[in-house]
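These features come from TrEMBL:
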- His153: active site (ACT_SITE)
- Glu254: active site (ACT_SITE)
Amino acid sequence: MTTLTPLVHERDGHRLVAYDHGAHLAEWRVDGHPVVWLSPHAVLDGSAAIRGGVPLCFPWFGAGPEGDRSPSHGLVRTVSWHQDETDGEEVWAWTLSSEELDGETGAEHLEGPFDLRYAVSLLPRSAAGAFLRLELTVTNPSPVPLHVEAALHSYLAVADVRTVRVEGLDGAAYLDKVSGTRHVQDGDVTLHAETDRVYDTDAAAGLVVLDDGRALTVQPEGATQVVVWNPWETKAARMTDLPEDAWHRFVCVEAAATGCRGLVVQPLGSTRLACTIGVSTVSDGERLSAP
Ligand SMILES: O=P(O)(O)OC[C@H]1O[C@H](O)[C@H](O)[C@@H](O)[C@@H]1O
């Protein structure tokens, strides 16, 4: 049994923790308060995906487009990535190529070669709040287009998921994966039961999660969908890496591109899926916007 070595970065009121395992940003705290949430029972020995933080889902999401793939969410969140030189505001950067996945469970589902680079950056703090940027770059070294699914599966820390409001999805069509039915969002999203929805929107105007005096913002780039997930009480009770009642403490709002809205990386080209997460205090309906 190994214990994963955490990478820790502390600066200017920020505390970030990450692991090479899955290139996984596990925690982001600002002035001591969690913004990106890590389960206290997360498995940190390399034997499983880390519950919480921002799991990187690639090259498929869930069980994949036909529902027949494992491991869940692709095979890059459970392998060790290589640290790369950082640039500008990057705190960490990692690389991984498909060749290194030979022999891993699920490698038989890879549809073509790829080279990945993933970077976590902290933007300068400002009056607007604190901002963290996550950027996945997928390069296709082959002469044929590469079709993949991807998601930045951020677990946002909230006081109570039962009272949050997610703005920015009004009017978006979505698949409710719990019931298997399709709908169109009317107004803000509030959560009252197990929620697992895939919204067909690039969310270019950004998303705001309002929670107990804080505004958490999610600004996707290169996404074609947004996933909103919380397992709620019954499903959470079956998850061994979530303590009892911990499901109150997070809502996943994920920049994604799945199914027929997946990413297409042109021959010898690159595609980017990115997301900027922000936090600020709200008063009297004030909102923040990403810089
Ligand atoms: O337990 P995991 O494999 O990390 O997946 C956790 C969840 O991720 C996404 O939000 C999916 O839409 C859900 O269907 C899934 O249950």
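Positions of Cβ are set from backbone N, Cα and C atoms, glycine also.
In TrEMBL, annotation is done automatically, which means it is predicted and not curated.
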For Glu254 (active site), nearby residues of its own chain (Cβ under 8 Å, 6 or more apart in sequence): Cys57, Ala151, Leu152, His153, Ser154, Val226, Val227, Val228, Trp229
Local Cβ density at His153 (active site) - other Cβ atoms counted within 10 Å: 22
